[in-house]
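Enquirer: Just passing along the structure, written as structure tokens.
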């Protein structure tokens, strides 16, 4: 009987082993299909986020592209006032993602806040056609007008629409499609550079379509229905978010915040002011005053992260004046084009269509730069090439503004003619608008070189836990550049009694404003070149030293390595079951 029992036990064990062998391929297939569905889900999320990003940019550029001509022709603004409004709207749209991101993190839930922002964006894009619509053209009968908004009421509705639209833009950029939603944590240096290159390439391709189509509709075919296009585009973004609202709303880790960074800086400054000196007791940096070890209230990890971010502040600061030069496209350059001859082969070109000339070099250069980066540069050379790109791009921006000054002198030598824009007859120069192409091309080259490179440095040279904050700070400094451009326009107009930024360009000296800005940009480029060596070395050892020694990040890397090792052991077909145990 004992022999029969042992024989039965052996048969059961053999049957169980055979069943396990039969189930393993099935489990492997199910894991494989699970991985496929997971990859398909990630691909769907990435596509949806990109679609929302493009729809949002479509609405943004649709509002910006003809705002100056709308403000001057419809609202009766002078040129400098319209330029200031345009630059301030762009600046607010850059700053609102930071504000909304902070609100989502500290006070309001992300889902609730994104619904509020979508409503605000919808409201803003819906109110803009109310301002643009020609109510005076609609009659009940021969004597009565259906409805008329006074110019003061139009301005109130216009500003309210711009404010609500900018808040909605901030919510979409900060919550629905932040940079962290693209899952860039595990990407290497070259992969990140490729991402930023192609990301900005797609954004500018979208803006080129907008500047050609919307500007033509707004100006020529049905100018009063032009603002309906951002409204329709917003509906597209709303539908896209509704389709995948549960999968698209990215939830970042709550291990750092913008308030923490500002708190570390404020705490360190307060301690420095109280003690009347910056360094004491083995401290190598004034921010160490905020550490708990030295009487502060922040952990070593938080302070070290802030120190690595503070090292990027010179890089950010030199982007302010560069962004001011870029903002000449929707302000000073736009006014030059509007006061030039837009007739071409019997057609009147849209003013904003000239912006495409600045986008074409970017669309051509980025694929070329991508090939150069993939083929020639190693990881050690990439940092130096990035800082060189930024310096050359800033020099190109300075040359662009200088060329704009000479183009303005050249434009005044042509006789004047009458030109109709948005049903308003203007006295403009007979110089063809294509003579202004060099200044647009130079700014397009600058954007292709500076923006992806600066974004990569801001993302790569900080710990993973504060990369989103680093990009927020870059956005803040870019927004400051927009407001500085508006400040320069206001100061130049007020200080010269309208001579440097005139309402009628042929009666003023707009070229002096451009030469002044070009001289400032040249000094800015030289200043950046003196500190560019700080950001040249991007290899792993140096960036770890640059970021500081962060214990939590080291532990995180060890955990990732252990998880990766365990997954290799689990999935390896070489090891037998005995070896795995």
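Note: Cβ is positioned from N, Cα and C throughout, glycine not excepted.
Note that the coordinates shown come from a computational prediction; the quantities given were computed from them, not determined experimentally.
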Enquirer: Given the ranges 413-432, 513-532, 533-552, which one is assigned the annotation transmembrane segment in TrEMBL?
Expert: 513-532
Enquirer: Quick one: sort out which of 284-304, 473-493 is the transmembrane segment according to TrEMBL.
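Expert: My reading of TrEMBL: the transmembrane segment range is 473-493.
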Enquirer: Among the residue ranges 35-55, 224-244, I'd like the one that TrEMBL describes as transmembrane segment.
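Expert: Checking TrEMBL against the ranges 35-55, 224-244, the transmembrane segment one is 224-244.
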Enquirer: With a cut-off of 8 Å between Cβ atoms, can you find at least three pairs linking the transmembrane segment (156-176) to the transmembrane segment (513-532)? Only pairs 6 or more residues apart in sequence count.
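Expert: Taking Cβ pairs at least 6 residues apart, the transmembrane segment (513-532) and the transmembrane segment (156-176) are not in contact, as fewer than 3 fall under 8 Å.
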Enquirer: Which of 58-77, 84-104, 110-135, 198-217, 473-493 has the most Cβ pairs closer than 8 Å to the transmembrane segment (513-532)?
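Expert: Stretch with maximum Cβ contacts: 473-493.
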Enquirer: Grab the same-chain neighbours of the transmembrane segment (388-407) for me: Cβ-Cβ under 8 Å, and only residues 6 or more beyond its ends, written as numbers and ranges.
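Expert: 318, 322, 325-326, 328, 332-333, 336, 369, 435-436, 438-440, 442-443, 445-450, 453-454, 511-512, 514-515, 517-518, 521-522, 524-525, 528-529, 532.
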Enquirer: Tally Cβ pairs under 8 Å between the transmembrane segment (84-104) and each listed stretch (110-135, 198-217, 440-461, 473-493), then give the stretch with the top tally.
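Expert: Ranking 110-135, 198-217, 440-461, 473-493 by Cβ pairs under 8 Å to the transmembrane segment (84-104) puts 473-493 first.
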Enquirer: Cβ under 8 Å, sequence separation of at least 6 from the ends of the transmembrane segment (473-493): give me the contacting residues as numbers and ranges.
Expert: 80, 83-84, 87-88, 90-92, 94-95, 97-98, 309, 312-313, 316-317, 319-324, 326-328, 331, 454-455, 458, 500-501, 513, 516-517
